[in-house]
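Chemist: Quick one: the structure is below, questions incoming.
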Amino acid sequence: MDRIIATPSYTKEILEKHQMYAKKNYGQNFLVEPQIVEKIAVESLLSENSTALEIGPGIGALTQFLAIHAKKVIAFEIDDRLLPVLDDTLAPYNNVEIIHQDFLQADLAKILADESEVVVAANLPYYITTPILFKLFESDIKIKKITVMMQKEVADRFSAKVNTKDYNALSIVSQYNYDVQTILKISKHVFNPKPNVDSAVVQFTYRPSKLVDNEEAFFELVKACFKQRRKTILNNLGEYLQDKEKAKVALEAANLDSKRRAESMEATEFARLYEVLHDH
Ligand code: SAM
């Protein structure tokens, strides 16, 4: 067995050897608890034939365990300083491909064209957790299993139910095609450097929905209805359609009280509104 990257002592040694320091603006907090990292890697796979797509390998803590347990790893890293580090730490593994690119710019269809059983595994950079997940949920490529670490308070939004403070557009978009489950709670003490808040690992399992015919347009409507949380559905929809009268008529036809707020609406109610708008 090769030396485990995700230990406090080896991580320190790697950082010193490469004269590296963690960059805050790239959300760099490296995991230094091997049992947790291995558990995330193992839980993220469907089988040993899975290809793991990783966002932000850092110095390779999770990548190493993915390389051990999966068929292949494709990892996107934005920070060019980490490329020689990863070359060094992951040298024993010939099933890892590192792509030096901002994940938000990645062409997933192209990169995953030859892969069959793709899963996502990542300790996400916290400053872009939401855009990364929207990109995955809105992609035409439906990834069967997504297992990601994020700040605990963000994790709560994904499983949030209607009429709670955490319920928002992301809750509906994520739950639309996925079952959501928090599989691990993680203390801030298992990172170098230590973040200010605790984290959680959330797993999304694909369960396709047929509620509407055009997901993209539906998600756009949902986001627009949540645009200003304190505003009524009539006001947000009126702004989105640039026509308050049309919004009023649509809400009536969908049998929805125009004074309600988006946070009180179930996905099925948004779907009813969507159908009315797209019937015309
Ligand atoms: N996976 C490593 C671990 O668990 O120790 C590092 C996780 S660290 C929280 C987030 C990683 O994402 C960093 O390596 C950072 O450089 C990288 N990153 C930040 N923004 C990125 C982006 N837009 N695209 C790809 N990687 C990014």
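Just so you know, glycine gets a Cβ as well, placed from its N, Cα and C.
Keep in mind that what you see is a predicted model, and the values were worked out from it rather than measured.
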Chemist: Same S-adenosyl-L-methionine site as Asn29, Leu31, Gly56, Asp102, Asn123 according to TrEMBL: which of Glu77, Glu153, Glu215, Glu216?
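Modeler: S-adenosyl-L-methionine site check in TrEMBL: besides Asn29, Leu31, Gly56, Asp102, Asn123, the record includes Glu77 out of Glu77, Glu153, Glu215, Glu216.
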Chemist: Ten-angstrom check, please: count other Cβ atoms within 10 Å of the Cβ of Gly56 (S-adenosyl-L-methionine binding site), all chains counted.
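Modeler: I count 22 other Cβ atoms within 10 Å of it.
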Chemist: Checking the spread of the S-adenosyl-L-methionine site as listed (Asn29, Leu31, Gly56, Glu77, Asp102, Asn123): what is the longest Cα-Cα distance, in whole Å?
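Modeler: Pairwise Cα check on Asn29, Leu31, Gly56, Glu77, Asp102, Asn123 gives a maximum of 21 Å.
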Chemist: If you average pLDDT over the domain 'Ribosomal RNA adenine methylase transferase N-terminal' (36-208), what do you get?
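Modeler: Average per-residue pLDDT within the domain 'Ribosomal RNA adenine methylase transferase N-terminal' (36-208): 96.
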Chemist: By a 10 A CB contact count over all chains shown, which of the binding-site residues listed here is most packed: Glu77, Asp102?
Modeler: Glu77
Chemist: Fewest other C-beta atoms within 10 angstroms of its own C-beta: which of the binding-site residues Asn29, Asn123 fits that?
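Modeler: Counting other Cβ atoms within 10 Å of each of the binding-site residues Asn29, Asn123, the minimum falls on Asn29.
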